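Peer 1: Pasting a structure below so you can have a look.
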Amino acid sequence: MHKLIIKYNKQLKMLNLRDGKTYTISEDERADITLKSLGEVIHLEQNNQGTWQANHTSINKVLVRKGDLDDITLQLYTEADYASFAYPSIQDTMTIGPNAYDDMVIQSLMNAIIIKDFQSIQESQYVRIVHDKNTDVYINYELQEQLTNKAYIGDHIYVEGIWLEVQADGLNVLSQNTVASSLIRLTQEMPHAQADDYNTYHRSPRIIHREPTDDIKIERPPQPIQKNNTVIWRSIIPPLVMIALTVVIFLVRPIGIYILMMIGMSTVTIVFGITTYFSEKKKYNKDVEKREKDYKAYLDNKSKEINKAIKAQRFSLNYHYPTVAEIKDIVETKAPRIYEKTSHHHDFLHYKLGIANVEKSFKLDYQEEEFNQRRDELFDDAKELYEFYTDVEQAPLINDLNHGPIAYIGARHLILEELEKMLIQLSTFHSYHDLEFLFVTREDEVETLKWARWLPHMTLRGQNIRGFVYNQRTRDQILTSIYSMIKERIQAVRERSRSNEQIIFTPQLVFVITDMSLIIDHVILEYVNQDLSEYGISLIFVEDVIESLPEHVDTIIDIKSRTEGELITKEKELVQLKFTPENIDNVDKEYIARRLANLIHVEHLKNAIPDSITFLEMYNVKEVDQLDVVNRWRQNETYKTMAVPLGVRGKDDILSLNLHEKAHGPHGLVAGTTGSGKSEIIQSYILSLAINFHPHEVAFLLIDYKGGGMANLFKDLVHLVGTITNLDGDEAMRALTSIKAELRKRQRLFGEHDVNHINQYHKLFKEGVATEPMPHLFIISDEFAELKSEQPDFMKELVSTARIGRSLGIHLILATQKPSGVVDDQIWSNSKFKLALKVQDRQDSNEILKTPDAADITLPGRAYLQVGNNEIYELFQSAWSGATYDIEGDKLEVEDKTIYMINDYGQLQAINKDLSGLEDEETKENQTELEAVIDHIESITTRLEIEEVKRPWLPPLPENVYQEDLVETDFRKLWSDDAKEVELTLGLKDVPEEQYQGPMVLQLKKAGHIALIGSPGYGRTTFLHNIIFDVARHHRPDQAHMYLFDFGTNGLMPVTDIPHVADYFTVDQEDKIAKAIRIFNDEIDRRKKILSQYRVTSISEYRKLTGETIPYVFILIDNFDAVKDSPFQEVFENMMIKMTREGLALDMQVTLTASRANAMKTPMYINMKTRIAMFLYDKSEVSNVVGQQKFAVKDVVGRALLSSDDNVSFHIGQPFKHDETKSYNDQINDEVSAMTEFYKGETPNDIPMMPDEIKYEDYRESLSLPDIVANGALPIGLDYEGVTLQKIKLTEPAMISSENPREIAHIAEIMMKEIDILNEKYAICIADSSGEFKAYRHQVANFAEEREDIKAIHQLMIEDLKQREMDGPFEKDSLYIINDFKTYIDCTYIPEDDVKKLITKGPELGLNILFVGIHKELIDAYDKQIDVARKMINQFSIGIRISDQQFFKFRFIQREPVIKENEAYMVANQAYQKIRWFK
């Protein structure tokens, strides 16, 4: 490793150089080293010899370059320049300079510097640097202006080319000049900050000093010695009495020798009695003394034994629970005791409260004498010994967090100090992998605990945040996640309780709550109020008084002062044990935390199996060209072996998977939870097969349920013959049908070549006997658990199909995240090999391997391969094909230059202004190895022109199908004079049974009428658009007429201008529809007459016979549902029944859409020969449309199912492709315009309809109204039926009635429009008693308004009639207009005979009469003259509804609309028609 120091214009920087990497130095902030005002860019790199160069100039120790403001000095240090020296052991000051008397002599220095106060560095953490004003001193690369400065441990000092690093025990030095010193040299190796094991820490074997537990028993003293209570005189008196009696007898009767014998014997008895007494007394005293001496010696030994046990206990406690000061030494020296405790140890989560008289770890057994009348001092001695050792004095008092919630009460600042001690103890001896802390505390107390943020245990790794909750934000951010974690752990315990297995949760969470107010309204409170020890969570509560504590607290600790505490209860038992807390005033807590923060705890030593290996590394190549794919394809033969590399067991130890039927295959299972590398191992296997075997020998069919990324990854791989995604209902059955079709195809080919196994066929293919390639087909499902859950029948059939197809070269590989409950007996028994990566739990591992091993896997890509019944069982690391492919070999040099700030929550917060990573001039996008290999295979395939294998699985129908992709759409090429039979191209059909997709074409003669049933919004209108344009493009407008009934949302309106369209109808155009119904009925009758006349059965035969053009009539109805409850429902349905029954032979065809089948009446529905179902919300409705179907209709716009023997699925075509530059309507308009311009022949007539307003002047010239008047008629308006001119013949009597005088006045205005012409032809006489004609009084021959004048007019009319009877018709006819006929009769008393004569003879003689009146008055009058006139007149205009008039008896009209202004009925010959008067 090299270090480079760069100095320029008072700026100093240091760079750790890594071999093979390049660096830049410039004034740009994005450079590796930024120097202000540098003025140039310096590139640092190594040449081929490994020498570092700056802009191609070698750096030999020192390189000086000219800069804009100052020289640029680059100073290069190597391992040889490094040294490390201890501080002097006696003095507190040392010098570094050029002089011989300096403690460290460096000749290159101009002036000396002084380093002092290093003897107290352990406490102060710094030394002082003193220098003169002529010496530039940099501390941490900042130039110091003061002459005396502090340098803390870890600080870097630079003085005149010398680099120093302050350490607690000495100085590290980098100098290119010799360093001479008498100081102790500490090490000769330069520290490598980037070494792989830098600051890594492995647990050492733990030394446990057990507390003595063997019982010590103090035996009771032996029974007291029994004292002889015989009194000496009892031995002396009897012989003395005998001597006395003997003397008395001798005195009475001297006997001689007998007396001597008796006296002698008595004397001897006396002597022996006395000696025996004193002898026994002496022996008793000795026995008593010995008993006492022996027992006291026994007690002394027991005392020593007890004392030894107590010392052993005290030592054990002091060893395992050292003081905080001792902990600091342990941490500082990186002692092996760090992180020594694990969750399996007996003292896990134990910590010291303080010093107290603690209970012995062993039992002292002594049985005190219950009762004795005599006091035995030895019993007192034994009791005294027993009572002396009741406790272990001044030993650590231990508490633990394993047995329920604990609580601290007392002053908060004292409790916080105790919690700090607990933090230090637990953090030092428990790894952050096993233990985490969460503090819920007041915001003002966070500063006190700020030092603890350095502890790795304070980071909640599951939430990636520090374990401090002190405000609303941190509460919501952390506690909600903790709540979920607790909930999951509780659920896990409940599930595991059924199997009686104990769960140890890691990490253990110590949940400290000093402020309950922060969680009082949070959902986590329900868990805080219970004991969570079982779930790996220890609760600690802090309150001022015991009354504030929750009821479930088991252990209570009262901190009374800094020197006194009391353990009140422990595990719910009252103990009241006082202790002395430890004083930690002189301990730097943050120093301990920082030292622990530097340690990276590695739990397990590295295995011989690599943690990861890339795909190309497994093949021991760097470039894809080196794979020699073509040669592998040429040499490898599947009928011999199918072994391909999958991973490594160790270095250079390749593990291969061979799915040859006689090896590991043909079928298998892959299991692995999320992030285990399950998909990657499948990808690597697919890639490995593709590299080793030709596309004609191996092919893949991927089942990617619900869609995913694997299908996209291999889309360009030639071996991929299909991907099955989104297997919903019918897609699952479609896939199964395709696979079964492939099996049938293979069986057919086997039969043709008289073989029964894929290997035999492959050999024939290699020999050229068989010509059609038939590769091994690998059906791979990346996630079959959900597929099996939602499509169980499909999975069952798939496994069964694979079992049948093993000899046909079918291989099934099923992968799942959670095999438990998914891998049934059928799947497991048919899967010869199993690949198990990391699974969620032991049950999953047992499910697939029948062992729990896979549950212990931690690395992604690590897997077990099991073949058969443990015939092969190996652990290996699978290859990773997603690695970056970089043939230049600099893929490891990509460096993230994002600068992060660690915020108050312990999270990384990017502070770069530009986070894009695109600051380089050129951004290089690297391929993955998988992409590179696929591209390489694709290029080989193209170069060798390899023929693609026929695909057994066609992709699902696209969601957009266009008519131009299915059939010719240029009408200019398609229109011809000869009428063609109609063929409708509906869309793209899918026939998986035949492995075919192509145009869905219907021959109209066979298809008949078409009914499409589908839910709204799924393409019903598009279906009609497609048919409209298909017909229009293939047939001229004179060959095909279309009537569009748009009962939906005006979807057919855009196509109304197509020249083939006769007319367009909406549901509210009742009159127009009624008129169309009559026209259709007339056309049916007309065409039937033609068939009858020419004795043919169809219009097609008529065309062939006569050569005449009778157009096809297409009736297209969108949303037939709207017919129901419409005013025209009955007549429309009756017409449609007739049309669907008779129209097909007449070349009149109906195509309709509806949302349900019962929208049509049964007779009509039966006549709809072709029924099509689109997606329907009511699934059962599909069966009503197409009958029993194999495939459901997908919930895709445009997808449909045709009723036929096989119920063909297809996707509706669209008449136009999507065009970014034009809207759909613009495309329609363009083609319509082109058709209109191209075609100059006849187009169909539309349905004539009454305009909203008809003005006399608008029609005067076009209809030649003056000529009509000149020919003896009054044009009055248009009829609604044919929109033809309606007129009143003046040569016949007529009667006009209306409801009100205003209408009469309007009628008068229209009648008199051509008054001049009338005057030329007629002598006009008007009898106008009501005044509606008075505007014309001066424009006519005679006008009568008053009663007498009316009589005169009447008399004139009678005389005129008589004169004409005598003389015959005059040169000029007369026209009499009688307005208000009722009043006229009242005035003139005209007889009935005169009325008859005027009506019958008048017109013959040129006397024309016109009656006008109010309808009600005419009806209510009882004048016979009116009745006579009504019966004899055959021209009527009635201005009220037919149902309301009483002139004639017509059938009642249901729901007849109200007569609008200017509307009337013309009645003639007992028939009526509705008209509208001119305006």
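Keep in mind that glycine also has a Cβ here, set from the backbone N, Cα and C atoms.
Below are the features I grabbed from Swiss-Prot:
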- 1-229: topological domain 'Cytoplasmic' (TOPO_DOM)
- 230-252: transmembrane segment (TRANSMEM)
- 253-256: topological domain 'Extracellular' (TOPO_DOM)
- 257-279: transmembrane segment (TRANSMEM)
- 280-1479: topological domain 'Cytoplasmic' (TOPO_DOM)
- 652-846: domain 'FtsK 1' (DOMAIN)
- 672-679, 1014-1021: ATP binding site (BINDING)
- 997-1183: domain 'FtsK 2' (DOMAIN)
Peer 1: Counting other Cβ atoms within 10 Å of each residue's Cβ, which of the binding-site residues Thr674, Ser676 comes out lowest?
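Peer 2: Selected from the binding-site residues Thr674, Ser676 on minimum Cβ neighbours within 10 Å: Thr674.
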Peer 1: Write out the long-range same-chain contacts of Gly1014 (ATP binding site), meaning residues 6 or more apart in sequence whose Cβ is under 8 Å from its Cβ.
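Peer 2: Residues satisfying the criterion: Arg1020, Thr1153, Ser1155, Ile1172, Ala1173, Met1174, Phe1175, Leu1176, Ala1200.
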Peer 1: Among the binding-site residues listed here, Gly672, Pro1016, which has the most company in the form of other Cβ atoms within 10 Å of its Cβ?
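Peer 2: Result for the most crowded candidate: Gly672.
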Peer 1: Let's check the environment of Lys678 (ATP binding site): how many other CB atoms sit within 10 Å of its CB?
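Peer 2: Its Cβ has 27 other Cβ atoms within 10 Å.
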Peer 1: Run through the Cβ atoms and count how many others sit within 10 Å of the one on Tyr1018 (ATP binding site).
Peer 2: 23
Peer 1: Quick one: mean pLDDT on the topological domain 'Cytoplasmic' (1-229)?
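Peer 2: Overall, the topological domain 'Cytoplasmic' (1-229) comes to a mean pLDDT of 86.
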Peer 1: With DSSP assignments reduced to helix, strand and coil, which class does Thr674 (ATP binding site) get?
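Peer 2: The three-state answer is coil.
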Peer 1: Let's check the environment of Arg1020 (ATP binding site): how many other CB atoms sit within 10 Å of its CB?
Peer 2: 27
Peer 1: Helix, strand or coil: which one is Gly1014 (ATP binding site) in, per DSSP?
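Peer 2: The residue in question, Gly1014 (ATP binding site), is coil (DSSP, three-state).
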